[in-house]
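Undergrad: Structure below; questions to follow.
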Amino acid sequence: MTILNHTLGFPRVGLKRELKKAQESYWAGNSTQEELLNVGRELRARHWQQQQQAGVDLVPVGDFAWYDHVLTTSLLLGNVPERHQNADGSIDIDTLFRIGRGRAPTGKPAAAAEMTKWFNTNYHYMVPEFQQGQQFKLGWTQLLDEVDEALALGHKIKPVLLGPITYLWLGKVKGEQFDRLSLLNDILPVYQQVLAELAKRGIEWVQIDEPALVLELPQEWLDAYQPAYQALQGQVKLLLTTYFDSIGHNIDTIRALPVQGLHVDVVAGHDDLAVLNKNLPKEWLLSLGVINGRNVWRADLSSWFERLQPLVNSRPLWLGSSCSLLHSPIDLNEETRLDAEVKSWFAFALQKCAELALLTQALNAPNDAKLAELAAYSAPIRARRSSSRVHNAQVEQRLAAITSQDIERQLPYEARAETQRKRFNLPAWPTTTIGSFPQTTEIRGLRLDFKQGRLDGKNYRTGISEHIKQAIAEQERLGLDVLVHGEAERNDMVEYFGEHLDGFVFTQNGWVQSYGSRCVKPPVIIGDISRPEAITVEWAKYAQSLTEKPVKGMLTGPVTILCWSFPREDVSRETIAKQIALALRDEVEDLEKAGIGIIQIDEPALREGLPLRRADWQAYLQWAVDAFKLNAAVAQNDTQIHTHMCYCEFNDIMDSIAALDADVITIETSRSDMELLESFEDFAYPNEIGPGVYDIHSPNVPSVEWIEALLRKAAQRIPAERLWVNPDCGLKTRGWPETRQALANMVLAAQRLREEQI
């Protein structure tokens with residue numbers, strides 16, 4: 001039986017981020033809808049051709065999205081929130097953009113749909129909204145149009161469709177509460193119609209994505225799979241597709257389904273292939289996701305060959321990417337500045353397609369020449385194991401020497417708080433900001449000129465110093481109590497630290513989509529991490545010299561740096577996090593020596609690092625908390641440690657939030673009207689809290705009365721003596737005029753509350 005290969009999806013944005021540029025040009029009114037549609041058409045044609053040329057047997061169609069593939073599915077099903085609908089009920093690309101962004105070149109602006117993380121990745125999807133009794137109909141034929149495009153170009157294709165149960169699982173009920181699973185029978189006819197249309201076009205296989213099957217689903221959701229797939233069977237062959245984790249716990253549900261094939265993620269999952277092979281119906285096709293779609297490392301194809309060869313001829317087999325290649329940059333050949341040795345360890349999306357082709361050929365015809373080709377390809381990643389760039393004996397020794405004392409502050413919080421009160425003598429309702437101030441065109445230009453060699457180090461430092469001086473003066477004028485230096489020198493909160501730590505490398509063009517038109521370029525962790533010299537001390541010390549008020553030192557925490565980078569695969573995430581923590585522990589010590597008495601360690605990614613299955617949460621939370629404490633615990637008792645977190649759900653991890661033992665935690669609460677504080681109240685959270693009093697994602701300036709009302713609400717839940725006053729998040733994306741006004745109102749609200757207490 002001949003093995004075929006396929007990818008589950010391909011990056012959409014284009015090698016030069018053409019899609020991003022076309023979207024933003026269209027949104028700004030600088031190009032027409034037809035010009036935007038043409039860019040999409042060109043990108044799809046190019047990506048199909050590139051995959052085919054790299055040796056992919058079946059190219060995916062339906063993985064392209066103008067904003068997000070879950071949003072595309074919503075439109076396919078005619079699921080458009082009332083506030084985003086066209087007057088005549090039609091659906092067009094502007095409908096899609098109104099749901100994603102809240103506005104488009106046509107139609108009335110309305111609040112955008114909610115956005116959240118796609119499983120445990122750094123990609124975000126638009127959350128479908130459901131209401132009781134809503135109607136569904138085939139409303140957006142993008143998938144069928146793209147299938148026609150690909151067939152006209154002569155490609156062998158496999159359409160991709162987000163499965164009905166995962167789609168419902170990912171959505172939220174709006175308005176009156178009801179069980180959204182009850183909508184299953186209403187959406188299935190649309191799926192049937194789409195599959196019938198694909199069958200008419202001669203399509204043999206459809207990839208139907210049900211990643212919810214890797215989760216611990218409630219029984220009623222698992223029970224829904226059988227009738228759902230009973231309704232969908234018969235028109236085309238269905239490849240039930242899972243990714244991001246194992247499926248063993250749901251295997252009984254899966255193997256009873258009327259589908260013709262199953263895709264499993266063999267990279268992130270830990271399913272025993274022999275057991276899986278034995279447990280599945282004999283006639284099923286088994287697709288094995290062996291090439292990691294979420295990282296940038298070259299595969300050891302020789303190892304995969306040895307692992308997979310026993311399965312050859314046991315059943316129909318396909319080889320695929322573990323998940324969509326959406327999460328990987330496009331082409332390693334674009335990287336001209338990477339060191340040759342390091343570059344030889346990497347594979348981006350196009351290289352991963354070539355890996356699939358090479359491995360498939362070897363398994364189909366395992367002759368000496370093919371095996372030698374596999375060995376030659378795998379040699380660099382094998383040589384990496386002993387590279388001096390990867391291993392640092394000092395880091396490994398230091399890690400091994402960590403004791404339980406290294407992760408605990410000297411005194412408990414109550415005693416520390418007393419010494420800190422004496423040192424800082426802050427008023428009631430102390431005011432501060434989260435860290436960054438507006439990143440003006442001037443600041444960005446300064447950094448770019450320095451990076452590209454147009455500005456020498458001395459002039460760059462002079463320029464940054466001026467911006468820090470301005471930030472301190474602004475805060476003094478506003479009357480804030482604890483100041484920040486404004487982070488003018490930082491491009492990105494993770495990239496900045498990665499650039500100053502050994503063990504990281506950076507790409508020129510390693511862009512991946514985060515959401516909509518937003519792309520990120522994650523650093524790559526290639527080896528043991530250490531800090532060759534102080535990173536933030538010079539700027540913090542300078543800022544502190546300009547004022548009598550305390551200035552916070554600002555660090556990005558170890559878990560966030562790990563989660564927002566491409567990690568190495570040869571050691572555990574725990575090991576990487578603790579190496580970063582040790583490097584930043586030295587930074588805490590140096591900041592203290594420089595006279596900085598308040599140090600903030602941001603951990604916005606702590607919650608998003610959670611494994612998909614609750615059974616694995618405790619182990620993760622244990623080492624994530626330990627990494628934070630290892631970073632912070634070197635601080636003296638009178639040094640106040642702050643942390644900042646921005647997400648909407650604390651209930652299920654309150655124990656761990658408290659275990660961080662930060663003296664002050666600042667959180668994002670304004671959009672939830674302080675409801676988030678319920679978690680802290682119910683838990684009787686013992687330390688100090690700064691609930692965000694205004695939403696920095698909006699240019700709207702909150703009134704003094706509005707902020708005051710929010711603070712009063714907060715004081716009903718948390719004793720006023722433990723409350724701080726601050727915005728939700730950093731102010732880097734805002735302009736100075738609204739920043740000044742909002743902070744002035746915030747300070748005034750705090751002053752009014754203080755006066756009441758006198």
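In case you wondered, yes, glycine gets a Cβ from its N, Cα and C as well.
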Undergrad: D590, D602, D616: which one does Swiss-Prot list with I434, G435, S436, E487 for the L-methionine site?
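TA: Within the candidate list, Swiss-Prot flags D602.
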Undergrad: Name the residue, out of W48, W169, W564, that Swiss-Prot lists for the same 5-methyltetrahydropteroyltri-L-glutamate site as R17, E18, L19, K20, K117, R518, C519, E608, please.
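TA: Of the residues offered, the record points to W564.
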Undergrad: I'd like the number of other C-beta atoms within 10 A of the C-beta of G435 (L-methionine binding site), please.
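TA: G435 (L-methionine binding site) is surrounded by 24 other Cβ atoms within 10 Å.
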Undergrad: Which binding-site residues from the set S436, E487, C519 come within 10 angstroms of H644 (Zn(2+) binding site), judged by C-alpha positions?
TA: none
Undergrad: Within a 10 Å radius of its Cβ, which of these binding-site residues (E487, D602, E608, E668) has the fewest neighbouring Cβ atoms?
TA: E608
Undergrad: Between E668 (Zn(2+) binding site) and I434 (L-methionine binding site), how many Å separate their Cα atoms?
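TA: Spelling it out, the Cα of E668 (Zn(2+) binding site) and the Cα of I434 (L-methionine binding site) are 10 Å apart.
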Undergrad: Using other CB atoms within 10 angstroms as the count, which residue among the binding-site residues L19, I434, C646, C729 scores least?
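TA: Least crowded of the binding-site residues L19, I434, C646, C729, by Cβ count within 10 Å, is C646.
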Undergrad: Count the other Cβ atoms sitting within 10 Å of the Cβ of S436 (L-methionine binding site), across every protein chain shown.
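TA: Result for S436 (L-methionine binding site): 22 other Cβ atoms within 10 Å.
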Undergrad: So for R17 (5-methyltetrahydropteroyltri-L-glutamate binding site), how many other CB atoms are inside 10 Å of its CB?
TA: 17
